[in-house]
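Annotated features, as they stand in TrEMBL:
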type	residues	note
DOMAIN	6-148	domain 'Lactate/malate dehydrogenase N-terminal'
BINDING	Arg92, Arg98, Asn131, Arg162	substrate binding site
BINDING	Asn105, Gln112, Val129, Gly130, Asn131	NAD(+) binding site
DOMAIN	156-323	domain 'Lactate/malate dehydrogenase C-terminal'
ACT_SITE	His187	active site, proton acceptor
Amino acid sequence: MKTPVQIAVTGAAGQITYALLFRLAAGDFLGPDQPVVLRLLEVPAAMDSMQGVVMELEDCAFPLLRGVVTTSDPRVAFENADYAFLVGAKPRGEGMERKDLLEVNAQIFSVQGKALNDVAHPDVKVLVVGNPANTNALIAQRNAPRLDPSNFSAMTRLDHNRSVSLLASHCSVPVTDIRRVIIWGNHSSTQYPDIHHAIVGGDRATSRVDRQWYETLFIETVQQRGSAIIKIRGKSSAASAANAALEHMRTWVAGTADGDWVSMVIPSDGSYGIEPGLMFSYPVTIEDGRHRIVQGLDIDDFSRRMLAATEAELKSERDAVAALL
Ligand code: NDP
């Protein structure tokens, strides 16, 4: 049997993690031969609630689950971590400005970045889910100079999956017929879901859909899907977010399918004119655990404007937390 891998998960008493932890323990991430140890981080006030989740994990008697560590100390949670799912983040409280939200989360993610730097496995792969995810990932990465910046990422996979699903249903094809959609930029309402390069079956997506539908309904539906779910369900999306987090990490490990790519927030290298260093969602292919930005895609004027808008938002988020970079 293989040596267990150490998987750190923050916000372990939250609703996304409630859907994520059981799948990690069941082997949905690394397969049926890979034992895991879950290293769960929560704030002190949520420790009791997290214990309840641990009791449920025990009650599943998962054969692959070789241990659960619970703590409110990031240095314990991230000790020798091979993978870190940073899901916990402070939600916007009443009367809180956007800047306050950025700052309070910047504090949390600078502490976590330092702890990852000091105690995690040198090749740890880090996924930030907690919002504002791109900027939280930037803070964590900048506070971890020992680690390769390319080991830090944030999640736009849920937006990517939403785009795949919406395009498939609009074209009346199964989701498996859809390839090469892209989410560019910030995981926020300025994100740019782009189907200019997407394929539906054997056709270019742009030949299968009406431009008007794409520029208005499609983009807005993907951008606003999270709010639409809150409105109907009364709570934010959790199972789909957990599924996307798992798929993001699984693709990072297993690689992308031939002829396809995924969307992933990673440090910009200047590709497509985006400021280097910003955490920006790009189309990437992955091989041997390393992601590569897809190069050479044509960007028309419409796309150029959309990219500029989401980049501008990311720069303003970064400037608001400059003190912690
Ligand atoms: P959720 O589990 O619903 O969400 C966790 C985070 O994921 C939020 O920041 C949320 O952003 C974000 N998120 C990113 N993408 C999505 C998406 N597509 N759909 C929904 N959420 C998304 O939050 P809970 O409040 O249930 O749980 C958070 C837990 O984190 C709490 O138990 C809290 O105690 C803990 N926490 C831990 C910290 C730590 O470990 N240091 C620090 C702060 C909190 P958004 O709010 O914008 O929806």
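Cβ coordinates come from backbone N, Cα and C, glycine included.
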*asked:* Does any of Arg98, Val129, Asn131 have a Cβ within less than 6 Å of an atom of ligand 1? These are the binding-site residues; tell me which, or none.
replied: Val129, Asn131
*For Gln112 (NAD(+) binding site), name the DSSP secondary structure in the helix/strand/coil scheme.*
helix
_Distant-in-sequence Cβ neighbours of Arg98 (substrate binding site), under 8 Å, six or more positions away_ = Arg92
*10 Å Cβ neighbour count around His187 (active site, proton acceptor)?*
28
*Which one, from the binding-site residues Arg92, Gln112, Gly130, has the smallest tally of other C-beta atoms lying within 10 Å of its C-beta?*
Arg92
*Sort the recorded positions Asn105, Gln112, Val129, Gly130, His187 by C-alpha distance from Arg162 (substrate binding site) and give me just the closest.*
His187
*Cα-Cα separation of Gln112 (NAD(+) binding site) and Asn131 (substrate binding site), in Å?*
14
_A 10 Å Cβ contact count, applied to the binding-site residues Asn105, Asn131: which residue has the minimum?_
Asn131
*Using a Cβ-Cβ cut-off under 8 angstroms and a sequence gap of six or more, which residues of the chain neighbour Val129 (NAD(+) binding site)?*
Ile16, Phe85, Leu86, Val87, Ala89, Ala154, Met155, Ala241, Ala245
*asked:* Per DSSP, what is the helix/strand/coil residue tally across the domain 'Lactate/malate dehydrogenase N-terminal' (6-148)?
replied: 64 helix, 26 strand, 53 coil
*asked:* On the 0 to 100 pLDDT scale, where does the domain 'Lactate/malate dehydrogenase C-terminal' (156-323) sit on average?
replied: 96
